[in-house]
């Protein structure tokens, strides 16, 4: 690393101070003190210069941060929040794509609810909705094929396949189905399936969009910031994004959380400054898709154990986001018992007690008892909360990196 001019001058001065010129005996004591002060001043100048150089180098090369965790824990939502806060121009360019994703989310949600109705043999509460059910069932498969948006990142990463169809044709197709979808969503039997069948793979944002079908089916509909945060699409590759936070460049990697994609994570583990690990507290009562023996929060614990104890992360800042606290709170309020899914829990079924329990369970996964894990309870779609948390994370990461570098 090339030293700054200050460091170079200080080094020359240090070399001059080490010369062997003789000193008269009667001035030996005072000269020694003077030489010591000069040497200390030079040494301090060198240290200060090195610190400046290292800080400059860090700003130039950036901080490498990974966002890890199982699927559907909110990783991409955090990335979207960063785009809203620090890269809005890029997000605005993606709004048309998000319109298609919103429509896709609604169609998948109503399809899952219809399947739940069929599996439970529950008839529609209102017989007048039978034609609506038939209409949606007949058209949903062909509609989903046309709305084949694989990943929003496909528009910046050519490695992700995508199919682009005529935007107006898609809008017209969704608008045609919208009245039937709205009527079905209002049916009491569909509502019962939605609120009671935790086995169904229905996205957390389903209610948000199904409650506003008229708005999102309008021909001139453009997704709002909240719509973009609520929209869900699978991440099927590792994608890199650069943001500047307080004049420091962050290289942030968003990864696919499905079990089949985790084998692609390892190449990105080198030289990582910080890891944000995402876990959805609200998933405590949902079955794990990849392992029938676990629920989805137990899967998070297993994966966190692997990440927190990985040899490449020994000196890496570890930040834990226990996410979806809004949905978690609603489940507790509805009477869903944590102890049913975590029998080792014997405390009250209130928010404070259960969140303390889950935080402790995650801390138990760290084999190194001295390892510092910074925990945040997050609602990733809440921009105001995330703005505060991002600032806190930035402070933590920079402070720890300076400490590891020996600068503080």
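Placed from the backbone N, Cα and C atoms, the Cβ positions cover glycine too.
Curation does not apply to TrEMBL; its annotations are automatic.
As written in TrEMBL, here are the features:
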type	residues	note
BINDING	72-77, 204-205, 229-235, 254-258, 323-326, 380	GTP binding site
BINDING	76, 235	Mg(2+) binding site
COMPBIAS	16-32	compositional bias 'Polar residues'
REGION	1-40	region 'Disordered'
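Between the listed binding-site residues, namely 76, 235, 323, the fewest other CB atoms within 10 angstroms of a CB are found at 235. Residue 323 (GTP binding site) falls within a strand when secondary structure is assigned with DSSP.
Under the DSSP three-state reduction, residue 235 (Mg(2+) binding site) is assigned to coil, being neither helix nor strand.
DSSP gives residue 76 (GTP binding site) a helix state. Neighbours of residue 380 (GTP binding site), defined as other CB atoms within 10 A of its CB across all chains, total 25. Residue 229 (GTP binding site) falls within a helix when secondary structure is assigned with DSSP.
Comparing local CB density within 10 A for the binding-site residues 229, 233, 255, the maximum falls on 229.
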